[in-house]
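Engineer: Got a structure for you, questions after.
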Amino acid sequence: MANYFNTLNLRQQLAQLGKCRFMGRDEFADGASYLQGKKVVIVGCGAQGLNQGLNMRDSGLDISYALRKEAIAEKRASWRKATENGFKVGTYEELIPQADLVINLTPDKQHSDVVRSVQPLMKDGAALGYSHGFNIVEVGEQIRKDITVVMVAPKCPGTEVREEYKRGFGVPTLIAVHPENDPKGEGMAIAKAWAAATGGHRAGVLESSFVAEVKSDLMGEQTILCGMLQAGSLLCFDKLVEEGTDPAYAEKLIQFGWETITEALKQGGITLMMDRLSNPAKLRAYALSEQLKAIMAPLFQKHMDDIISGEFSSGMMADWANDDKKLLTWREETGKTAFETAPQYEGKIGEQEYFDKGVLMIAMVKAGVELAFETMVDSGIIEESAYYESLHELPLIANTIARKRLYEMNVVISDTAEYGNYLFSYACVPLLKPFMAELQPGDLGKAIAEGSVDNAQLRDVNDAIRSHAIEKVGQKLRGYMTDMKRIAVAG
């Protein structure tokens, strides 16, 4: 199998990278009716598998779970979750032949084995669904020509997909049809019905492509969403302790600081996050972010280049074949870092304190979000896609760190995201060490002293923040998400 993207000519590559259309709510007037009365079989019962299935069943669809024989015989976690929630469970051989839509929600590294097992069992004219296009785009999986291949990709972890549905809402979602596999021209109807059944149509749906979803998703998770948070956590903790801060306090300031800061980002973009600072602190955060962007731009561009070329995917798949040696080594090393092993702080940190003493962290968020967005757009990805894969998902990832530090983040994200995170953070930490050595008092761990500011400078900085393209597209997209619940901010 060959990387699908690399088999396309330049015009086709650009067309698929740039496919992105915000769909109107009237396009979902029929809800999930196209799949009513049809058999939907989900392969895999992890966070996405279970929670999408619960939503789809509540939307009136016929949902069952196909699991490997060993998982059923040994009553593994996937079997327990499906059966405890009242779903029909069976082997591939029992359920796949009757399925009208088979949805593969297993981890990326299992996709080829799963598709190899289920494809011969699928009836003529059935559909195969994904929530991430890695197997199609990067692996280059060949699917039978009579099978329709679609994607519905919620831009949130599976738990959020369920919680927002229960509130009568949903999460922003990308949908796509694989252009090589739409023999009956029904792919979009299937994808729309599936998205509606999960509740995604209530929060905004982008019609995208497998290529655009994969390339933007990989870029976001490697850089700002996971890699920048990991690198920032390690660098900021070490800096605080080096300057005499109690390790327990330093750990809490960082662990819960990302979540608190990015909650403002979620509600009002970079503008609101920066507005939480005093005027002197805002000017300093802006200056720091510009320095960071200049330093990190080549690293962000390298990650985007390696994602576009397929270099990243081939390296990761080589590690899969080597029993995840690199991944497991990096995971173990991360668990032994000073940040991960620091004691817990029992005192309370007020919400504003996270902003006042986290000017550098805010600068890192601003720089990382803007760089990821700019680098994607420069590579042909449309602004709406770039927004979802940079700014939108950041509060959700920050929330995982608030639960159990970097360990929790790396457990919750996919192995693909975790591998990319380590590649980025292992390069970013040494890259930023000279910058960290030049920080001033008030940049981290202490509030910047109040003082006079130059009105013209403040005006220009405010204009620069608010006029960035991500702020303009973000304001539009957040208009569809006003009902999404706040992420709880810890004390």
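Cβ atoms here come from the backbone N, Cα and C positions, even for glycine.
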Engineer: ASP146, ASP182, ASP217: which one does Swiss-Prot list with GLU389, GLU393 for the Mg(2+) 2 site?
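Structural biologist: Same Mg(2+) 2 site in Swiss-Prot: ASP217.
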Engineer: So Swiss-Prot lists CYS45, GLY46, ALA47, GLN48, ARG68, ARG76, SER78, ASP108, LYS109, GLN110 for NADP(+); which of GLY18, GLY140, GLY158, GLY168 goes with them?
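Structural biologist: Only hit among GLY18, GLY140, GLY158, GLY168 in Swiss-Prot's NADP(+) site, alongside CYS45, GLY46, ALA47, GLN48, ARG68, ARG76, SER78, ASP108, LYS109, GLN110: GLY158.
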Engineer: Far apart in sequence but close in space: which same-chain residues, 6 or more away, have a Cβ under 8 Å from ASP217 (Mg(2+) 1 binding site)?
Structural biologist: HIS132, ALA153, GLU389
Engineer: Cα-Cα, whole number of Å: CYS45 (NADP(+) binding site) versus GLU393 (Mg(2+) 2 binding site)?
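Structural biologist: With the alpha carbons as reference points, the distance is 22 Å.
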Engineer: At the Cα level, what's the spacing in Å between GLU221 (Mg(2+) 1 binding site) and GLY158 (NADP(+) binding site), rounded?
Structural biologist: 16
Engineer: In the domain 'KARI C-terminal knotted 2' (345-484), how many residues does DSSP put in helix, strand and coil?
Structural biologist: 101 helix, 0 strand, 39 coil
Engineer: Which has the fewest other CB atoms in a 10 Å radius around its CB: GLU389, GLU393, the listed binding-site residues?
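Structural biologist: Per-residue Cβ counts within 10 Å for the binding-site residues GLU389, GLU393 bottom out at GLU393.
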Engineer: Just to verify: the residue among SER78, SER414 with the fewest other Cβ atoms within 10 Å, which of the binding-site residues is it?
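Structural biologist: Result for the binding-site residues SER78, SER414: minimum number of other Cβ atoms within 10 Å at SER414.
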Engineer: So which binding-site residues out of ALA47, ARG68, SER78, LYS109, GLY158, SER414 end up within 10 angstroms of GLU393 (Mg(2+) 2 binding site), measuring C-alpha to C-alpha?
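Structural biologist: Correct set: empty; none qualify.
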